[in-house]
Amino acid sequence: MALPKDVKKVVLAYSGGLDTSIILKWLQTELGAEVVTFTADLGQGEELEPARKKAEMLGIKEIFVEDVREEFVRDFVFPMFRANAVYEGVYLLGTSIARPLISKHLIEIAKKTGADAIAHGATGKGNDQVRFELSAYALNPDIKIIAPWRDWTFKSRTDLLNFAEQHQIPVAKDKKGEAPFSVDANLLHSSSEGKVLEDPAVEAPEYVHMRTISPEAAPDKATVIKVGFRKGDACSINGVEMSPATLLATLNNYGRENGIGRLDLVENRFVGMKSRGVYETPGGTILLAAHRAIESITLDRGAAHLKDDLMPRYAELIYYGFWFSPEREMLQALIDKSQEHVEGEVTLKLYKGNVMVTGRESEKSLYSDALVTFEDDHGAYDQKDAAGFIKLNALRLRTLAKRNLNK
């Protein structure tokens, strides 16, 4: 796609790393545009002040470095976990759910600064380009979007390094060769892809895992915690109320120490190819188990099964980048309605990579001791009623059987 030539000012999603620093300078030299940078603190665990200083060094006048951790967990992660969203049976969507938040801030900053375009550093092979751009267009249909990886003429890492040297962009010594794999991280998870991970038959090296210790190295004694919920959202750990971001960070610590949340998967990208990734979602893995457990005693069977039926579609919408679509918002309204009575506390045992639910309690529980007891239920349930229930449900099966036996 040809570069827009009428761009005067562009907001760049800027990490401060080599690639986005090269993109920054490329936007200045190729488009002659004024560049505004946006760096988000999503809980990736990196000091962000160097990104500000690097942007200043590259001549940027308008620099936005924002702590969005609470917004990320409260408005994006928690709504997603109310749905128990999992893509292709295993992926907890840690990268996918961060992209609409970044796009939202890019659009807001573009409006604030009078920019007519935004830019991102996603490659032309991945899902992130789609997620960034669908989200941006949903919020501003007239915004111009620049994706340098699809447009520039660099063919190799050497070309990038030569450009960096030509424009006096600092290059760390460990960046002069190919990185062994690429990493994306936020408060929910970290993902590692590419290079040493491209052969799906070969086990990932241990050094790839940065958020969790190996289950083999985890403590020999289990850790027991209690997670409290209110209207479907986790609100406390061991009775202590916490903000959304603090709660998730605390669960991450418990998960990391017990080797929880590792995932090696091959997923189907939206753009059509399969990719292998090594993901770590320690806190999210605990949160999902706890949320399903509290739902098990507070959700009606019909509501629970309907949620499970809809979940794959909801997860797919997030994975594909349709967070701001009307269908995702419609599903969210239904999901949020289901969470009105999802409150209580879940007890979990964490041990060597495993999350085991050992207890759940709620004032809104639908679990009845009187109904399920093996002892005298004092008339709460008349077992004779089951005969008619079974006969009615068997009617169509018996009718089919009679027809088939008479062939």
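Every residue, even glycine, has its Cβ placed from backbone N, Cα and C.
In sequence order, Tyr14, Lys54, Leu58, Ala164, Ile169, Pro170 make up the list of same-chain residues 6 or more apart from Ser21 (ATP binding site) whose Cβ falls under 8 Å from its Cβ. Ser21 (ATP binding site) falls within a helix when secondary structure is assigned with DSSP. Annotated ATP binding site per Swiss-Prot: Ala13, Tyr14, Ser15, Gly16, Gly17, Leu18, Asp19, Thr20, Ser21, Ala40, Gly121, in sequence order, evidence recorded as sequence analysis.
Marked as L-citrulline binding site by Swiss-Prot on the basis of sequence analysis: Tyr91, Ser96, Asn127, Arg131, Ser182, Ser191, Glu267, Tyr279. For Tyr91 (L-citrulline binding site), the same-chain residues 6+ apart in sequence whose C-beta sits under 8 angstroms from its C-beta are Leu263, Leu265, Glu267, Tyr279, Tyr319. Reduced to three states, the DSSP call for Tyr91 (L-citrulline binding site) is strand.
Other Cβ atoms within 10 Å of the Cβ of Thr123 (L-aspartate binding site) number 15 in total over all chains. Marked as L-aspartate binding site by Swiss-Prot: Thr123, Asn127, Asp128.
Taking the centre of the Cβ atoms of Thr123, Asn127, Asp128 as the L-aspartate site, the nearby residues of that chain (Cβ within 8 Å, site residues left out) are Ala122, Lys125, Gly126, Gln129, Val130, Arg131, Val271. Of the recorded residues, Asn127 (L-citrulline binding site) and Ala13 (ATP binding site) place their C-alpha atoms 16 Å from one another. There are 21 other Cβ atoms within 10 Å of the Cβ belonging to Gly121 (ATP binding site). When the alpha carbons of Arg131 (L-citrulline binding site) and Thr123 (L-aspartate binding site) are compared, the span between them is 12 angstrom. Put simply, Asp128 (L-aspartate binding site) is 15 Å from Asp19 (ATP binding site) when counted between their Cα atoms.
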